[in-house]
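Undergrad: This is the structure I want to talk about, given as structure tokens.
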Amino acid sequence: MRVSTIRSGRICRLALCLLVLLPLLYLLANWSDHHKRVQEAYHTRFGGPKFAHQRLEGRPREVPKLVDGLGNFEPKDVKPRSGPGENGEAHSLSPDKKHMSDASEMEYGMNIACSDEISMHRSVRDTRLEECRHWDYPFDLPRTSVIIVFHNEGFSVLMRTVHSVIDRSPTHMLHEIILVDDFSDKENLRSQLDEYVLQFKGLVKVIRNKEREGLIRTRSRGAMEATGEVIVFLDAHCEVNTNWLPPLLAPIYRDRTVMTVPIIDGIDHKNFEYRPVYGTDNHFRGIFEWGMLYKENEVPRREQRRRAHNSEPYRSPTHAGGLFAINREYFLELGAYDPGLLVWGGENFELSFKIWQCGGSIEWVPCSRVGHVYRGFMPYNFGKLASKKKGPLITINYKRVIETWFDDTHKEYFYTREPLARYLDMGDISEQLALKKRLNCKSFQWFMDHIAYDVYDKFPGLPANLHWGELRSVASDGCLDSMGHQPPAIMGLTYCHGGGNNQLVRLNAAGQLGVGERCVEADRQGIKLAVCRLGTVDGPWQYNEHTKHLMHRVHKKCMALHPATQQLSLGHCDVNDSYQQWWFKEIRPRW
């Protein structure tokens, strides 16, 4: 009897287990089939492998491979689209809407009325090298947070940026898009934006500053909020191109201390035509001149020889600042951006120098292309942020950067180019210097010798200034002025305002007379503002403090002011002519 009871109990328990297990086995089988269908759908869309492989620690990571056919993330069977602006073509509004175009350009610095007639999902021409279409990339590249900072951006331009990222990124790599609102006051960027992003079901998040912080600090906040392994920063007026993300992530997958930069295409701010900025086979990289203006130079042969293929990434000393990818944890280990930098300007150099000098590297990626709208003008000012510092904010930022990362010799080049910067209060940089010491960072001389060696080819070290300040006429007491013109342009004499800028003139020990990054030259037309000859720091000018003559040594004539016309020219030197006499007045900031 007892044996029969035990057997009956075992049979009941077995039946109960089967009742529980059978549904689980059914669900597992269906999940496996669903997973297979997802992989096949992914393979159809992107040409990628059918099964993902988890990363294994200690196992060498896959590297990109050049293949005969299309690369694994290249889109297949893309149907052509028709409509305004499709394929990146220019779009023009009808003549009766000209007033709308003009009004939106005044408000946004770009033609938002034109943008509003173009699809959020518009196609753009593939501007990549042909070779870029034939790279296979590792499937398990890091999941990415795309961070987009905006302030009073045109709604359609902002959302086209978002849609282009979603439409042209492998789904499993795009972790999230974070829109960081730097205290916008336009109504359509409040409730309308919040409602619009609901369609993305959590993929797109909006966070808002409670006061205006500026681009730099707002980006750092976005990095803090992000949860992806890699963060990609984009400006709020971009359109990413075909297969832009995998080539941007692959170098970081190989080495977490690499920062990658896409090649930037241009989008016209009036008609939204998408077009490449660079020639197809020409590669450029970011450098700088000693006033800390961003410049670009063709990639030197020394760098070209490091690569086997023309479409592979290459090293760059710096970058323009708006668009790049970096491992999130590494970015935070570097201290993110210097919190003492205000609004924008100089953050691209600060991050570049910090990365290179502290053990990382920067690579530009030819197979990653992103279009960027270059505004006609900046439609908003710095607001209350401008009152937080006395003096030009961007120059203050530059001073913080050079005082942290430059050696003494290179600091002098900056102060030679920007003499008034010596008198700016840059704030406390002790934390930045402590970070530099803690990370055991290399010297700036090392950076110039091994990474930015081509800077000297275009921008040699600057000789000291013999004289600087306002160049005043003895006869009229007016000041030499570039008049805000771009070279080539005739210079004039205007009221001395004491603020420097277009009236801040420098004469260096090699005879170069300069205003900002431009040089002062002379010909039959008069005294002209000209582009300085690259690779040179000398000039034809000589100042005699006794006679107050500024002589052109080639023409053997002196700078003169015409008494009647007030025009500037060269004349035969006459020690008794006060219209040929000049004096430099060093100025001090009125900050």
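Glycine residues also receive a Cβ, built from the backbone N, Cα and C atoms like all the rest.
Per Swiss-Prot, the features are:
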- Asp235, His237, His372: Mn(2+) binding site (BINDING)
- Cys132-Cys367: disulfide bond (DISULFID)
- Cys358-Cys441: disulfide bond (DISULFID)
- Cys479-Cys496: disulfide bond (DISULFID)
- Cys519-Cys532: disulfide bond (DISULFID)
- Cys558-Cys573: disulfide bond (DISULFID)
- 466-585: domain 'Ricin B-type lectin' (DOMAIN)
- Asn30: N-linked glycosylation site (CARBOHYD)
- Asn576: N-linked glycosylation site (CARBOHYD)
- 68-100: region 'Disordered' (REGION)
- 141-251: region 'Catalytic subdomain A' (REGION)
- 1-11: topological domain 'Cytoplasmic' (TOPO_DOM)
- 30-591: topological domain 'Lumenal' (TOPO_DOM)
Undergrad: An 8 Å radius from the center of the Asp235, His237, His372 Cβ atoms defines the neighbourhood of the Mn(2+) site; name the other residues of that chain inside it, in order.
TA: Thr161, Leu234, Ala236, Cys238, Ile267, Gly322, Leu323, Gly371, Val373, Tyr374
Undergrad: Taking Cα atoms as reference points, which of the recorded positions Cys441, Cys519, Cys573, Asn576 is nearest to Cys496 (disulfide bond)?
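TA: If we rank Cys441, Cys519, Cys573, Asn576 by Cα distance to Cys496 (disulfide bond), first place goes to Cys519.
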Undergrad: Let me know the model's mean pLDDT on the region 'Catalytic subdomain A' (141-251).
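TA: That region's mean pLDDT is 97.
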Undergrad: Where Cys532 (disulfide bond) and Cys573 (disulfide bond) are concerned, what is their Cα separation in Å, rounded?
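TA: Between the alpha carbons of Cys532 (disulfide bond) and Cys573 (disulfide bond) there are 25 Å.
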Undergrad: With the cut-off set at 10 Å between Cβ atoms, which of these disulfide-bonded residues ends up with the most neighbours? Options: Cys358, Cys367, Cys519, Cys532, Cys573.
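TA: Per the Cβ count, the most surrounded site is Cys367.
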Undergrad: Restricting the comparison to the recorded positions His237, Cys479, Cys558, which residue's C-alpha is spatially nearest the C-alpha of Cys367 (disulfide bond)?
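TA: When the Cα distances are compared, His237 comes out closest.
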Undergrad: Using the alpha carbons only, what distance in Å do you get between Cys479 (disulfide bond) and Cys358 (disulfide bond) once rounded?
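TA: Rounded to a whole number, the Cα-Cα distance is 45 Å.
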Undergrad: DSSP three-state call for Cys479 (disulfide bond): helix, strand or coil?
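TA: Once the DSSP labels are grouped into three classes, Cys479 (disulfide bond) ends up as strand.
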Undergrad: Here the disulfide-bonded residues are Cys132, Cys441, Cys479, Cys496, Cys558; which one has the lowest number of other Cβ atoms no more than 10 Å from its Cβ?
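TA: Relative to the other disulfide-bonded residues in Cys132, Cys441, Cys479, Cys496, Cys558, Cys496 has the fewest Cβ atoms within 10 Å.
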Undergrad: Tell me the Cα distance separating His372 (Mn(2+) binding site) from Cys132 (disulfide bond), rounded to the nearest angstrom.
TA: 20
Undergrad: List the Cα distance (Å, whole number) between Asp235 (Mn(2+) binding site) and Cys558 (disulfide bond).
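TA: Answer for this pair: 49 Å between alpha carbons.
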Undergrad: What Cα-Cα separation, expressed in whole Å, is found between Asn576 (N-linked glycosylation site) and Cys558 (disulfide bond)?
TA: 12
Undergrad: So, by DSSP, how many helix, strand and coil residues make up the region 'Catalytic subdomain A' (141-251)?
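TA: Summed by class, the stretch gives 47 helix, 28 strand, 36 coil.
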